[in-house]
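The domain 'tr-type G' annotation in Swiss-Prot covers 7-189. Annotation comment: Swiss-Prot describes Asp19, His20, Gly21, Lys22, Ser23, Thr24, Asn136, Lys137, Val138, Asp139 as GTP binding site.
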Amino acid sequence: MTDISVSKIRNFCIIAHIDHGKSTLADRLLQDTGTVQQRDMQEQFLDSMDLERERGITIKLQAARMKYKADDSQEYVLNLIDTPGHVDFSYEVSRSLQACEGALLVVDASQGVEAQTLANVYLALENNLEIIPVLNKVDLPGADAEKIKQEIEEIIGLDTSNAINCSAKTGVGIKDILEAIVRRVPPPQDEIKLPTKALIFDSYYDPYRGVIVYFRVISGSLNKREKILLMASKKNYELDEIGIMAPDQQQVDELHAGEVGYLAASIKSVADARVGDTITLLNSPANDPLPGYKTANPMVFCGLFPTDADQFPDLRVSLEKLQLSDAALKYEPETSSAMGFGFRCGFLGLLHMEIVQERLEREYDLDLIVTAPSVIYKVNLNQQEHIFIDNPSTIPDPQLRESIEEPYVKMEIYAPNEFNGTLMGLCQERRGVFIDMKYITTDRVTLIYEIPLAEVVTDFFDQMKSRTQGYASMEYHLIGYRKNDLVRLDVLINSERADPLTSIVHKDKAYGIGRSLVEKLKELIPKQQFKIPIQASIGSRIIASESISALRKDVLSKCYGGDISRKKKLLKKQAKGKKRMKAMGKVEVPQEAFMAVLKLNQ
């Protein structure tokens, strides 16, 4: 399999916005090169998770090796490395770009360039990839290829004179794409003589073989009889098998520089074979690892609690298993008076959080409650000391701290300019600071804002989509911490603080949020035998309060006429009982109440 010369290898990836037809194009390439037989073909062949097919997004990377006989009658090996298009997974994109020499930039001919595409194109340019613009969906009635070409030139500055028009659905232009890959994407550098280095660009957990690592050999070669060393984790392993993805795994004996393959070596967890790590040989290791390896840091945190306390051990086990295949997921145990035992989890972003939650519920059959998402705050205790906190309920009281700083992001929103006003309104509501506005074309605009991350992680994306009929797209990156007038808003139910409902809000918004929280809880908490006060407080100051009246048993029903003093005695006894109950009683807050309030919190 591997006797092909380096000059005949082409490694490429596909960059596209969600829904611009990347997975369909990948399917079509697999089909046209005869890699996948017609009968085995299914829609979105490379998106292997059910969740990916359902949401129509690519989450985990896949890779496939295709053989293609070009017009010059030479046979080439094309390695397609699939990339996710969503902003949460940008680290997955950056590492797959590192494994390629070229990229197909797929743009929907009826929609134009979107924010995510742009972010990934810049990553590709940083990695010096050859970019081939492809206009997909040219068969649609609304497609305007010329206008979009002009847009690509204006926004990205790419020459589109030899852009390819194609329709992945009907198969138009697929041959041109394959030819362009062969002609325009440079072959890998021939570095077989150098010490072995291979870049891990993906890994997943297989319950039988341990972690399966996808890698690209950068220099030297890997033989299946060797012992390997992972340079970042300093661990060594004996190889069980190495092979290629075609797109099903096929074992081979050896892989050379420039080739893409997989290996299994009984590795226990994905954390040991971190993506971006360098594989080298144990006996003759390389001097230094490949550059650019970063661990992915979580930006969004939330609590995950099982609805049934007995499921806590199952949740622990399933998080451990999920972490085997998702190295960006971080978690630690947490307890809460209201929710019992659970975990505090860190995610790359909101989509990542939703996907982890869905995978836990779907693949491990758990029923979960998720607390409101929060970000990492920097709390300045005094001039010298500061701490970082990801759980709002652990922030120290006002007298123990000087100020709270929150993370800010620089956000770029791309949209048709008729939605300019509504988008500016949305950013203002979310405490955004206006930086700049640029007209890309006559009818498309870029808005640049600096905005607190906490305002973005709740439902900013949904709001932006609904206010612009789905036309806007956005992209953001962290720019640092800033001081703000932030307060910790607590919710007290029967004078006890409900931790999961604690949030950090801006002082100006605190009253409104507190008011709506207590009103919502009043509707949702069932009546008890005693009166329940519900309060929202900042420190020791109550800013909003409601109370749920007690259920009242009619103790006088058996008195008929009777003496007034007898009635008074019974009522007094009832009042005494209620008082004792109020002191002793615990209010069971139903999970629906938490869920509804968390939605409202956003």
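From the backbone N, Cα and C atoms, a Cβ is placed for every residue, glycine too.
Describe the structural surroundings of these features, if you would.
The average pLDDT computed for the domain 'tr-type G' (7-189) is 73.
A helical conformation is recorded for Ser23 (GTP binding site) in the three-state DSSP classification.
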Have a look around Val138 (GTP binding site) and count the other CB atoms within 10 A of its CB, chains all included.
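Excluding its own Cβ, the number within 10 Å is 20.
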I'd like to know which of the binding-site residues Ser23, Asn136 has the most other Cβ atoms within 10 Å of its Cβ.
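Ranked by Cβ atoms within 10 Å, first place goes to Asn136.
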Can you check what DSSP calls Val138 (GTP binding site), collapsed to helix, strand or coil?
coil
